[in-house]
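Before any comments, here is the structure.
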Amino acid sequence: MAEAKNRVCLVVIDGWGISNETKGNAILNAKTPVMDELCVMNSHPIQAHGLHVGLPEGLMGNSEVGHLNIGAGRVVYQDIVRINLAVKNKTLVENKHLKEAAERAIKGNGRMHLCGLVSDGGVHSHIDHLFALITALKQLKVPKLYIQFFGDGRDTSPTSGVGFLQQLIDFVNKEQYGEISTIVGRYYAMDRDKRWERIRVCYDALIGGVGEKTTIDKAIDVIKGRYAKDETDEFLKPIILSDEGRTKDGDTLIFFDYRADRMREITECMGMERYKDLNSNIKHPKNMQVIGMTQYKAEFTFPALFPPESHKNVLAEWLSVNGLTQFHCAETEKYAHVTFFFNGGVEKQFANEERCLVVSPKVATYDLEPPMSSAAVADKVIEQLHMKKHPFVMCNFAPPDMVGHTGVYEAAVKAVEATDIAIGRIYEACKKNDYILMVTADHGNAEKMMAPDGSKHTAHTCNLVPFTCSSMKYKFMDKLPDREMALCDVAPTVLKVMGVPLPSEMTGQPLVNEA
């Protein structure tokens, strides 16, 4: 077994952000002598929100993403951010799976379809992604492109569809490429409740041209006529704009929604055998290829433009590879975070990894029991520290986040104080058993319990979080040369303190210099 230069105990506090605002700040106003000492002694604030953790810019962090980044030692970009960056940097044209789809179309019958929700709602799809795909496919020289327009009206206003259709018409005219072939509401195209009779309406339209026939120059007037009869974007019955734009034998179809749940049924019918459940009279085309924007379901046989990324050699795996044992502990509410998410989004327990689940209190809301099971989690961790069995011990403390979500300020103060007491007990055990204690948080919460208007604030925040190290041999540097410090730097810092070399997959940086 490899030897660790130092043993490390990593504590991840849930929902502990840094803010100088005193009003409604359950962290600043609580008695936290232990965290105060650790922060003054040797610490640095780090970023835990937005692009720093792979989320869209300005979006508050969350527990899942926080633990994923902490454990991975790299920024783990969410699907939407990966797509947005490809669109912004104009690199879609280099996407391996898009190039393969284009080659298939070119070598085959020359026909490609883009199918999806056309709006700027940003929940399931974005019109900018559609524009970028049209541009990329034109650059890749796909001869014929057909666009199947799914009306929104749910994540956007109910009659905004004509505006999005006009934008698409203008874009296609400007590019002199692509043809809008079908318009149908998401009610029929994007069902997720196995209401196959709805999906059949869309299926019959896309393949068989079943619907009201008109031309592109009259399409907006047709939709406005539907609005007058209270048939809004979501519920638009199929409008067929060209016979050529039906899906035919040998066609290639890209569905450009990035959210999976409402794409599963329609793609399973178009790209797999599920169409048999529709009892449609329309003959299913042969040799069609479906591609998703993302992986809609692990069991689906067709490719995705942005498949899930595998996170090889996350901290837990790397310690295991190096023959080092480890211990992960949390109460029920956060157990998945110290196992599945901390381990890179995999359920698998690595070799020499021990886990411990402490049951969360059975109460209606956690403001009724602010300390939650923090004392019991500390007990389990201290037990391990005394055994000196594992060179890496980690745990999560849930109270600041879970009680923070209740919006009850006084309870949040108690939750913060209970967490500080628990960390204090662990700190004493670390000193006695020669462990270096490192403390961080996955995102902010309890430091903002009050909104500007005085009402309860129950959400996460975009504030910085602490990162502390109890050994003065490893002093935090002032800054990184090219970016702000963030959660992705926690695992590399832990490895540096343990004296374990970093895997090449970790792009985070150690934030301490050895004295």
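Just so you know, glycine gets a Cβ as well, placed from its N, Cα and C.
Remark: Ser63 (active site) has Asp14, Lys334, His337, Phe341, Asp401, Asp442, His443 as non-local neighbours, by Cβ distance under 8 Å and separation of at least 6 in sequence. Here Swiss-Prot flags Ser63 as active site, drawing on similarity to another entry.
The Mn(2+) 2 binding site annotation in Swiss-Prot covers Asp14, Ser63, Asp442, His443 and rests on similarity to another entry. Reduced to three states, the DSSP call for Ser63 (active site) is helix.
The substrate binding site feature in Swiss-Prot is assigned to His124, Arg154, Asp155, Arg186, Arg192, Arg259, Ala260, Asp261, Arg262, Lys334; the stated evidence is similarity to another entry. In three-state terms derived from DSSP, His124 (substrate binding site) belongs to neither a helical nor a strand segment and is classed as coil.
Per Swiss-Prot, the feature Mn(2+) 1 binding site maps to Asp401, His405, His460. DSSP assigns His405 (Mn(2+) 1 binding site) to coil, not to a helix or a strand.
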Open item on the list: Roughly how many Å lie between the Cα atoms of Arg262 (substrate binding site) and His460 (Mn(2+) 1 binding site), rounded to a whole value?
Closed with: 27
- [ ] Within the same chain, and leaving aside Asp14, Ser63, Asp442, His443, name every residue whose CB is within 8 angstroms of the centroid of the CB atoms belonging to the recorded Mn(2+) 2 site, in sequence order.
- [x] Val12, Ile13, Gly15, Ala48, Gly61, Asn62, Gly66, His67, His337, Asp401, Ala441, Asn445, His460
Open item on the list: Near His405 (Mn(2+) 1 binding site) in space, meaning Cα within 10 angstroms, which of the binding-site residues do we find among His124, Asp155, Arg192, Ala260?
Closed with: none
TODO: Just jot down the residues in the same chain as Ala260 (substrate binding site), at least 6 apart in sequence, with C-beta under 8 A of its C-beta; none if empty.
DONE: Gly292, Thr294, Gln295, Tyr296, Lys297
Task: Distant-in-sequence Cβ neighbours of His460 (Mn(2+) 1 binding site), under 8 Å, six or more positions away - done: Gly15, Met60, Gly61, Asn62, Asp401, His443, Gly444, Asn445
Open item on the list: Is it possible to get the count of other C-beta atoms within 10 angstroms of the C-beta of Arg192 (substrate binding site)?
Closed with: 13
Open item on the list: What's the number of neighbouring CB atoms sitting within 10 A of the CB on His405 (Mn(2+) 1 binding site)?
Closed with: 18
Task: Under 8 Å by Cβ from Asp155 (substrate binding site), counting only residues of that chain that are 6 or more apart - done: Ser119, Gly121, Gly122, Val123, His124
